[in-house]
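**Q** Take a look at this one; I'll ask things after.
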């Protein structure tokens, strides 16, 4: 394992605490009113108050910046945690006696202090109880080497876990406050909301905005009811026991009919919507709007129809192109097949030619007379090679003709020599 620098002397945190907290490893017995002993429940120690009996370890900055703190003594593979190293050792299948620690050694808990003198965690009273924690703290606060850089926002991180957490929220708004600040961590966002001044002044403004919005909605509802289809409704408070009544107006009257309700005399608010005086103007306006809507709809339908035709033409052209590509691929495959067949025929013709020449040479070697052999070698060289389409029978007949001529000439030469 890699050696690490400890403090010159093993410090006891009891000397730095005025009132040391009780140890979490021991359970105190408190007497109750009857004198019986009651076991005190163990409480979790708050952050920054380590165990007073723990061993204080001070590591050098070089050791804290190392990526692999624990190294296997068998294969020299490094790990960041001791638990990972112990799990790795089991894979080597080493006998348990070699891995078992000596029972005489007393295992003490260790706490780690920051080597930076100006840091809060340099004091043993605020030491960190985890090696990974002190390494992350030193890299975040006291190291300028930011190894992991975000490709989107070019923000650098010295700790890989912080970089991975940033990647999950990078490119999004994250947790945004009303003051404009954006937080990637929920904890930081909650802490900021507790101290944000903009959020405190928001409820009163929000209530005022709700009141204004409620008034606006009521006004819009009244104006919408005035522009209804009939234009002759008069809405008032309906009292129980009084049915709705409609007054029938003669045809000569131009005013539209209204609904009559008994009015309330106790001073309550009455919402009464009367028809507008310019009823003819409203009718003409609605007709003109309807005409414009029809024109707009016709234009939209025409454009959509043109777009549909264009899309159909494009689809048809795409299909035709695809069909032509398939035909070209088939023709190319057929051409490749014809070429391979032609190559095979040419190879067969070459083989036939070589076989014929070999047989002719073998026949000429059987002639015993040296003069005749030289005499017939020259005409054989001048004979053109057989065409590629000749078969084996033609080459054989040619070789037989050469043999017969050679035999005849040999007999004539022997007769001359004997005479």
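Cβ from N, Cα, C; glycine included.
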**Q** If I go by Swiss-Prot, the feature region 'SHR-binding' sits on one of 146-158, 159-171, 172-184, 185-197. Which?
**A** 185-197
**Q** Among 200-259, 320-379, find the range that Swiss-Prot records as region 'Disordered'.
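**A** Based on what Swiss-Prot states, region 'Disordered' spans 200-259.
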**Q** Which range is it, out of 277-297, 298-318, that shows up in Swiss-Prot as region 'Disordered'?
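**A** So the range that Swiss-Prot calls region 'Disordered' is 298-318.
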**Q** Give me the CA-CA distance between residue 150 (Zn(2+) 1 binding site) and residue 177 (Zn(2+) 2 binding site), in Å, as a whole number.
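**A** Spelling it out, the Cα of residue 150 (Zn(2+) 1 binding site) and the Cα of residue 177 (Zn(2+) 2 binding site) are 23 Å apart.
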**Q** Take the mean position of the Cβ atoms of 150, 153, 166, 170, the recorded Zn(2+) 1 site. Which other residues of that chain put their Cβ within 8 Å of it?
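**A** My list of surrounding residues reads 151, 152, 155, 167, 169, 171.
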**Q** Applying a 10 Å Cβ distance cut-off over all chains shown, what neighbour count does residue 192 (Zn(2+) 2 binding site) have?
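**A** There are 15 such Cβ atoms around residue 192 (Zn(2+) 2 binding site).
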**Q** Please report how many Å separate the Cα atom of residue 179 (Zn(2+) 2 binding site) from that of residue 170 (Zn(2+) 1 binding site), as a whole number.
**A** 20
**Q** Note the mean pLDDT of the region 'SHR-binding' (185-197), expressed as a whole number.
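**A** A mean pLDDT of 83 is what the model gives the region 'SHR-binding' (185-197).
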**Q** What's the number of neighbouring CB atoms sitting within 10 A of the CB on residue 179 (Zn(2+) 2 binding site)?
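**A** Residue 179 (Zn(2+) 2 binding site): 11 neighbouring Cβ atoms within 10 Å.
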**Q** Taking DSSP states H, G and I as helix and E and B as strand, how many residues of the zinc finger (175-198) are helix, strand and coil?
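**A** With helix first, then strand, then coil, the zinc finger (175-198) has 12 helix, 4 strand, 8 coil.
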